[in-house]
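Down below is the structure, laid out as structure tokens.
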Ligand code: ADP
Ligand code: ZN
């Protein structure tokens, strides 16, 4: 058999490796790499992806080769540079290639059907044909209201929006059309994309922006892989730098890929891209419908849309002729996917840029230590924005030492208060000036645990090794790991003693603000209140319209928001994220505190930040107080070096989970022994930690164990992981084993 008769195929099934198939005569000449095909696999048919010609396997095996049954599309869904990236991901993260490809494609393309063309949406716009209401409308108040609305928003608005603002507007507008005062236009729009609330192009860049933009322009003009870190303090105008770089890439006919942590939390950034580049932007977020996803994929693939802005999975968007990759807030933990293909999108973005010969910009006010170390080693070039736009000052930050500053006299409830006098005074003062407050606490619920006053037993989940959180709005205790909820117990199960509500959550902070500052309009933003993307958008919009004075929330309030009315940010408890048993706890604390502090003083009024803490001496707390990121990073990097943690070590976590505690423990030991026997020579520096019970020893009734592998380079780990993967075939299926390469969370 000649090699051209053989095809290498990734099968869309959870199986390792590439498979060889025969190309039947009728299909030869019709195949190109990246095409979706249909192949026999096992006893049934399966979706496959043609990767290229294959080299013939040994004689004996060639006999059994099966033919490709069908080609499902004329032009390949997967462009060549994406195939290269997906191959890398499968290899690096130890995940079956076919499954990797399936997770990259929109659901519409993972079925074994012929490709369908996704249709765009049509949106109706009402356009005013006059510049003021004529006299004849005086006796038609509804019509004059609808027209007034249109004129107030610039003479043109989506019909849907007018109908939303004014009840019955559809009918009213029809009457206005009859009078020749309004026209209805139909426009083709990309589905799932709403008009963005944009901001104009600033007349002038700041000198620092200008310098950064110049360097990026030169890099884009030259072409080729060039990685940059854009380290800019909060409010320094990083987005404008991205926009100018995207413009430059477009001027060379090149596409751009922009990754952001969470679209719903960054509507302003998306709005700026939409208002600058209009329909040339595909917005890829997790709430898209299947059909919308398919539409964007096809538009990008055809090159009719050249910019993709999206969340982590957008790293796989088929942008044509890629010239620029941007990762905004590159330190954000949401770039790591925590199930199935456990990839880090920021890392894959750099790999993709390298493979495509593109410029890549990683932007942040608090870069990850991994990125910082790459910059220190000269792998990435650093661009710095040390000042805020318009010479606005950085917020002043002060500490409230909770060991000295007892919160004011008990409330008319059983719990001790949590808001100290300086916090309450500052909040009242800010609200009196008509300005806004953000109150940050990274814990949901009312009380984070219940403890018996007599015997000290805490109320735990029966299925998980964690304490239950009390949610007052539901009057229930809830497990934040498995979601189980029970009515609030009225006494201790062990000794019938009374239960104390301990550990503060956002729900309780909200209640205390309402009680202490009755004149304040308070709202809470966390996963319990923002139950849908729409609800979240609505809350953020309402805060932006200043209908809310105090916004209490979890890290959802800390993200890249730009609310000019916010002049006070309070951190209710800086210590919550410090105590987590994870080597990244200090880094994460520093990031969170700096990000949330960065929400203050972004408008014309200067901002201030108050941080309540029991640990005023903790390094991240002390350093963020004086905006000393470099000092913090320096010290933290030294500590990581001494303790051999990333970025000085590459890691892989092997996690086990099983119903039976004995069986899981025994498999963990078995894998531990296997790895110990397979260890490469000591000079490679590979180390095995464990097996050990995971820090959270049980979730959903399943016992958890883990093994950690550390090595100076990923290359030293890779062969060991490959052998481990083969070994997993022998493991009883009752114990689930996952390999997490470059793990983010240690719990
Ligand atoms: P960052 O992402 O660095 O926190 P943003 O990109 O959100 O900052 O910019 C902060 C604010 O400054 C935004 O409202 C933005 O529109 C505005 N801005 C950015 N660049 C300029 C400029 N050159 N002149 C005036 N305003 C600017
Ligand atoms: Zn539970």
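Just so you know, glycine gets a Cβ as well, placed from its N, Cα and C.
As written in TrEMBL, here are the features:
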{"type": "DOMAIN", "residues": "219-385", "note": "domain 'Helicase ATP-binding'"}
{"type": "BINDING", "residues": "452, 455, 492, 495", "note": "Zn(2+) 1 binding site"}
{"type": "BINDING", "residues": "461, 464, 479, 482", "note": "Zn(2+) 2 binding site"}
{"type": "DOMAIN", "residues": "487-640", "note": "domain 'Helicase C-terminal'"}
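Annotated features, which come from TrEMBL, shown on the structure.
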residue	record	DSSP class
452	Zn(2+) 1 binding site	strand
461	Zn(2+) 2 binding site	coil
479	Zn(2+) 2 binding site	coil
492	Zn(2+) 1 binding site	coil
Let me know the most crowded of the binding-site residues, choosing from 455, 461 and counting other Cβ atoms within 10 Å.
461
Whole-number Å value for how far residue 479 (Zn(2+) 2 binding site) lies from residue 495 (Zn(2+) 1 binding site) (Cα to Cα):
22
Additional residues around Zn(2+) 2, ordered along the sequence, whose Cβ is within 8 Å of the centroid of 461, 464, 479, 482:
462, 463, 466, 468, 480, 481, 483, 484, 699, 700
Cβ packing number for residue 479 (Zn(2+) 2 binding site), 10 Å threshold:
20
Of all the binding-site residues given, 452, 482, 492, which has the fewest Cβ neighbours within 10 Å once its own Cβ is left out?
482
Just give me the nearest neighbour of residue 492 (Zn(2+) 1 binding site) among the binding-site residues 461, 464, 479, 482, Cα to Cα.
461
For the binding-site residues 464, 495, the one whose C-beta sees the most other C-beta atoms within 10 angstroms:
464
List the Cα distance (Å, whole number) between residue 455 (Zn(2+) 1 binding site) and residue 461 (Zn(2+) 2 binding site).
18
Which binding-site residues, if any, among 455, 479, 495 have a Cβ under 6 Å from ligand 2, given in order along the chain?
479
Whole-number Å value for how far residue 464 (Zn(2+) 2 binding site) lies from residue 452 (Zn(2+) 1 binding site) (Cα to Cα):
19
